[in-house]
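Student: Have a look at the structure that comes next, please.
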Amino acid sequence: MRIVRNVAAIFMLAGLGFTGSVQAADDPIATRQAIMSSVGAAAGLGGGMMKGEVTFSPVAGKAAIATMNAAAASFGDFFPEGSDQGDTGALPAIWENADGFAAELAKFSAAAGKAMEASGKDGPADLDAFKAAMGPVFGTCKSCHETYRKKN
Amino acid sequence: MKKALIVLVLLAVIAAGAGWSLSAPTRMTEQQAAALKTGDPVKGELVFWAGGCASCHAAKDAKGEDLLNLGGGLRLETPFGVFVAPNISPSEADGIGAWSLTDFANAMTHGTSPDGANYYPAFPYSSYARMSVEDLGDLYAFFKTLPSVEGKAPGHELGFPFNIRRGLGLWKRLFLNPEPVIAAPVSGNEVDQVLWDRGRYLVEGPGHCGECHTARDIAGGLILSHWLGGAPAPTGEGRIPDITPVEGKFGSWSAADIAYYLESGFTPEYDSVGGEMVKVQENMARLPASDREAIAAYLKAIPVVAPTAN
């Protein structure tokens, strides 16, 4: 009886977990928005250090760069056909010109990957090294937003 | 009966005559034209970026040096029809290479072509009308240094009645006014008057910010009582934001935030600039820092407006 109950509990847990992941896959808009808000937060931290509003530290620099890198690696997977409807800032151009959008994503991940490499194990040594690594990543934001995001 | 008919015909003739003369293209006065002189192309380059000429007259995705090839061809898809930006490179055959400085100034400030036709206000001459004589002379000198591009851009694609250029003369009578929009900084702000004035000149004149950030009425004229209060995007999807100092919205940006956005393309929340504003921001980034500070000072001290219905 106890075994049955445990098995049932395991199935329920598995079921919950399963339901959870189905929801994520069902709601690509929420997922990509969560990823992009982490990009925004990393840009806020990085930009704050560049402007001198936040004190630079190598570990913070690396956190910002690693966030960009993780986002660049996953963001593009959450634009399935049909996810242009709903509460989204995505423009139809993403699906109409899929190659162009992929090229913008490739620029983002290339820049973030290079920054990741440059930041090494302990993060960029100083603010100038951070600016040199992160600058090109920042540059890719607007080249994509120019064509593929709704004006707001 | 016959008399009444004659009166009616006469009235119609008078109305037509009045319409014809009211719709006549205007030009600078001789006195104004006499004040023009070809200026300094180095200064003119800054006027060129402030004016955003390349954003419409260069090729659609042009970057860097290609922004100086003003062959036209960009299509502006608007509710009135499709406007196609013309070639304004110094080509004598296909561009504006044969224009005198007076021709150039009449186009910029009166929307009137050298042969006396009215331009459509997709060309933002109702903002450029506020430009100084010096800036027009400098800009003309800079245009002369640009590469000549061969080939004319295709014509506009407009339906009746928008395809009648003469009618634009009436539009100009209603909406072309070189006076400043905002007379003075809103009180309660600590304002450097010289900086604010420079900001007003850039925003209301060459920068032509109001052309997209201000709502238009049914005739396509800017609703000046809603100056910079935001508007539906004139081309494509979305909405152009309200850039008056509304509390909790644009008003929460400091002057330094505005200047930084124009320089870097990042909002205070580190969202990036998008859409057509990317080109505008990249133009503003080429101006001296003091000009971006001036724009910010102006935007911090203009009236907040009620939202428009459209």
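The backbone N, Cα and C atoms fix where each Cβ goes, glycine too.
Straight out of TrEMBL:
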{"type": "SIGNAL", "residues": "A:1-24", "note": "signal peptide"}
{"type": "BINDING", "residues": "A:Cys141, A:Cys144, A:His145", "note": "heme c binding site"}
Student: At a 10 Å cut-off from the C-beta of A:Cys141 (heme c binding site), count the other C-beta atoms across all protein chains.
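Tutor: If we count other Cβ atoms within 10 Å of A:Cys141 (heme c binding site), we arrive at 24.
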Student: Looking at Cβ-Cβ distances, which residues of the chain lie under 8 angstroms from A:His145 (heme c binding site) while being 6 or more apart from it?
Tutor: none
Student: Compile a sequence-ordered list of residues in the same chain as A:Cys144 (heme c binding site), six or more apart from it, whose Cβ lies below 8 A from its Cβ; state 'none' when nothing qualifies.
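Tutor: Sequence-distant Cβ neighbours: A:Phe101, A:Glu104, A:Leu105, A:Lys107, A:Phe108.
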Student: According to DSSP, which kind of secondary structure is A:Cys141 (heme c binding site) found in, if we only use helix, strand and coil?
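Tutor: A:Cys141 (heme c binding site) sits in a helix per DSSP.
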